[in-house]
Amino acid sequence: MSECIFCKIVAGQIPCAKVYEDDHVLAFLDINPLMPGHTLLITKKHAETIFDLSAEEAAACGAALPKVASAVFKAMGAEGMNILQNNYEISGQEIFHVHFHLMPRKTGDGFKVPWPAKQYGPGEMEAVLEKIRKAF
């Protein structure tokens, strides 16, 4: 994808503050961090969403995530970590190339994750479960 900023980073056309790299993924510091150490882990091969990844690419992300997250966590003296991956514009995806946000957290960092909890109505959980099971 010639216009994808992450593909340009992978190709070396745009510099990055590289944290980690292997055959399948690249991790680098976000240029607009929500907090110090905010790192992005991307696939080297272009895929717009997690649904577009091959099993091998997904496994590579799965193997690299704890490795990179652990290094960022330790280096930043974090007390916690959010790992976020958005798919499609409605969920906040701004760059349409698979990427994970690794955000080391500290008390008082000012970052909030508003997540209003809801409960299923009568029979709703079973109906949702059935829909998901049928999708496999």
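Quick reminder: no glycine exception, Cβ is built from N, Cα and C everywhere.
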Given the ranges 42-46, 97-101, 107-111, 122-126, which one is assigned the annotation motif 'Histidine triad motif' in TrEMBL?
97-101
Name the residues of the same chain, 6+ apart in sequence, whose Cβ is under 8 Å from the Cβ of H99 (active site, tele-AMP-histidine intermediate)?
F6, L40, L41, I42, T43, Q85
For the motif 'Histidine triad motif' (97-101), distant same-chain residues with Cβ under 8 A (at least six beyond the ends):
1, 4-7, 30, 34, 38-43, 46-50, 52-53, 61, 65, 82-85
Reduced DSSP assignment, H99 (active site, tele-AMP-histidine intermediate):
strand
